[in-house]
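Please read the structure below before turning to the comments.
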Amino acid sequence: MESNPLHQQIATMRQHLLDEEILDEQFVELEGLALASDEDPNFVEDTINVYFEESNELLPMIEELLGKNPIEGSEMERILHRFKGSCASVGANKVKNEVNAVIACCRNGDIEGAKAAFEKVKMEQGNLKAKLDSYFQLVKQAKA
């Protein structure tokens, strides 16, 4: 990449997302894979979009299970682990950490704690989406 103000702004924004631990090194690895293979210039954004599509399916399922009494433990565990894996695969660090908190609460039978942790999952997910939308807008501008 040539050195221009947009590329510097992208690098600064990426570093900020890493410093705030919103993202982790897995995101940087995804970008590295995209740079190494010029086959799909939108690889990272497409991967992130798939992550958000899948999570938009999983979040209502988790919310529904949290509303049941008693909670279907094995089904909840399966969905939470699937979501956690999706988070890990794209580097969604803060979301993944909050999913871990939901898992821990469920394992300890702390349903109210699980519900509170799930609210944090949704908040971090919204924050991640907003920040990555801004990030990819800059990336698109730099490619234009």
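Each residue, glycine too, has its Cβ placed from N, Cα and C.
Sequence annotations record features per position, and here TrEMBL assigns domain 'HPt' to 40-135.
Taken from TrEMBL, the feature phosphohistidine applies to His81. His81 (phosphohistidine) has a Cβ environment of 12 other Cβ atoms inside 10 Å. Secondary structure at His81 (phosphohistidine), taken from DSSP and collapsed to helix, strand or coil, is helix.
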Can you give me the average pLDDT across the domain 'HPt' (40-135), rounded to a whole number? 95
